[in-house]
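Under the heading domain 'ABC transmembrane type-1', TrEMBL lists 30-312. Sequence annotations record features per position, and here TrEMBL assigns domain 'ABC transporter' to 346-580. Among the features that TrEMBL reports, transmembrane segment is placed at 28-50, 65-83, 139-163, 169-188, 253-271, 277-298.
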Amino acid sequence: MSTVDPPDLALWPTLRNLFPLWWEQRRMVALGLACALVFTGLSLLIPVLIQRTIDRAIDGGEKRLLLPTLAAILVVAALRFAFNFARRYATARVGIAVEARLREKLYDAYLTYPRAFYDRHATGEVISRATNDIYPVRYFIGWGVVQALQSVMMLVGAAIVLTSVNARLALYAALAMPPIAVLTYVFAHKVFPISRAVQARKGHLTEASDEAVVGIEMVQAFGREDDVRARFGTRAEAVRAETMRQAGVESRFLPGLIFLPLLGIAAVLYFGGREAIAGTLTIGQFTLFITLLLQLVWPLEALGWIINLGQRATAAASRGFAWLDGIEPLAERPDPAALPDGPLAVRMEGVRFRYGTGSEVLSGVDLEIEPGEIVAVCGATGAGKTSLLNLVPRFYDPSAGRVLLGGVDSRDLALAGLRRSVALVTQKAVLFSVPLRDNLLAARPDADWEEVLAACEAAGVAAFVDGLPDGYDTLIGERGVNLSGGQRQRVALARALIAGARVIVLDDPMSAVDTETERHLVANLRSAVAGRTVLIAGQRLSTVLVADRALVLRDGRIVESGLPQDLIRAGGAFAELFGDEALAA
Ligand SMILES: Nc1ncnc2c1ncn2[C@@H]1O[C@H](COP(=O)(O)OP(=O)(O)OP(=O)(O)O)[C@@H](O)[C@H]1O
Ligand SMILES: [Mg+2]
């Protein structure tokens, strides 16, 4: 049984996941590294040229050498500029590409995740893991990795140059290195858990802000602003406190990385100065030591930053990869069974169902729906109607028992095929932010327009489409026209009719329309769904009456089944639900 909330990955598994993405960019990485290598070589060359100038032209009096060496230094500096530019460009591209791929992978994965995943995670969290969370990855992969290697090249190069000039002095200069290594190690160790905590807190914050935005109507209507602000404030405070802790560690350790190299310079100043006075070291060589060591300050500091950045990046990536690695889409058989032709029967055998670890919602449902039959699923609110209907398109799998379509276990069918065969109107109609026409055609883009118009007539869309600014071409959704709840439901109903599916699942499809409209819809629905198997959940008798047969869910079981009229007369659970309405009618 796969989990929908796996823990963040540890460091190594994270890197193992990151590596292939980085490797995809190997050509750009190679270009960046080559540029870094040339850049390092040129950087080392400049102090050497300066040393030559001092020793031969200034100290040695060969005045004619001054201009040529100056020219050489200028050329080298210009080349270095060009290579630096190319390196930055190449590495930035790598970072951006890896970030984009990671986002793409997450988003692709999101599309396959089971509904249980979305029950467990807030929208804000899901979105931020694929967006904000992965920015550090871009900077680390893009800039950090190559810069770190360049720092190492610079260190090694400087060590080689200095040792070849004066090994003993080079050793003195290197005395600062062990403490730098210790400092870097301790820093990395301290900052890693904090980086993870910061990332997690940021996730919580996004979650809170998202809830407030999505639910803004209710927040304003019930005057919950203070409450929301307080919730947001608490989480923002947690982010602030954790980030401050991070900044504290950074400010204690990073300056050390600038300070310690200066100890090396001090050592050179003292010991090198003595040798220069004694004449065993030329002024040019002395200057070479000082300039090269000064040039090492930034690469060393950069290493500290990169370790920091690497911690943030891996902390962020570990969250995304945890999902990519740990969450399984609904299992599909490699050799799926095929559905029979013609109208499909729907069967449930001993179906039990619970959400996650919650209490049981369905506890043994047996149900047989003939091909082409219309069955109403009734029950008090919270009885499990929606849960039962959601098993048909396999949004969830039952915890026990089987759901069969056309005699085939739904788990043996290809998911795409199953979903094509089941059209759905959800309890809360969801439309896409595209023109009305495309919403209607969402499930079957090549549907015949005559058929679409007929479905719109039956579903009551035709009744209001003329009032829309652009008729069937009206843009729906946040940036277009916001349809009313009832209009939305009718579009969803028409869309399901147009889908051409052999099974239609209607979850309370008329809850938001007025009784007059409902009567019109009910009158048309039977002929519109002729030959198809229909499950319809309803809270109103007028909706339920469209069915051939009604079932009543109570305590997770079907307690009654029969013709609606008969059930009313029987005076059982069904009559309890709809009795008053029946009397009124
Ligand atoms: N995504 C979910 N995660 C956890 N529990 C859920 C989820 N959806 C529903 N439930 C719980 O399952 C039970 C049945 O809910 P369901 O939505 O199936 O009822 P319903 O009969 O459709 O109600 P209504 O008539 O109000 O639509 C309820 O107790 C509800 O709290
Ligand atoms: Mg429901």
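Positions of Cβ are set from backbone N, Cα and C atoms, glycine also.
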Do we see three or more Cβ pairs under 8 Å linking the transmembrane segment (277-298) and the transmembrane segment (139-163), pairs being at least 6 apart in sequence?
yes
Which listed range (65-83, 139-163, 253-271) shows the maximal number of Cβ pairs under 8 Å with respect to the transmembrane segment (169-188)?
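Comparing 65-83, 139-163, 253-271 against the transmembrane segment (169-188), the winner is 253-271.
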Give, as a single whole number between 0 and 100, the mean pLDDT over the domain 'ABC transporter' (346-580).
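Here the predicted model's pLDDT, averaged over the domain 'ABC transporter' (346-580), is 92.
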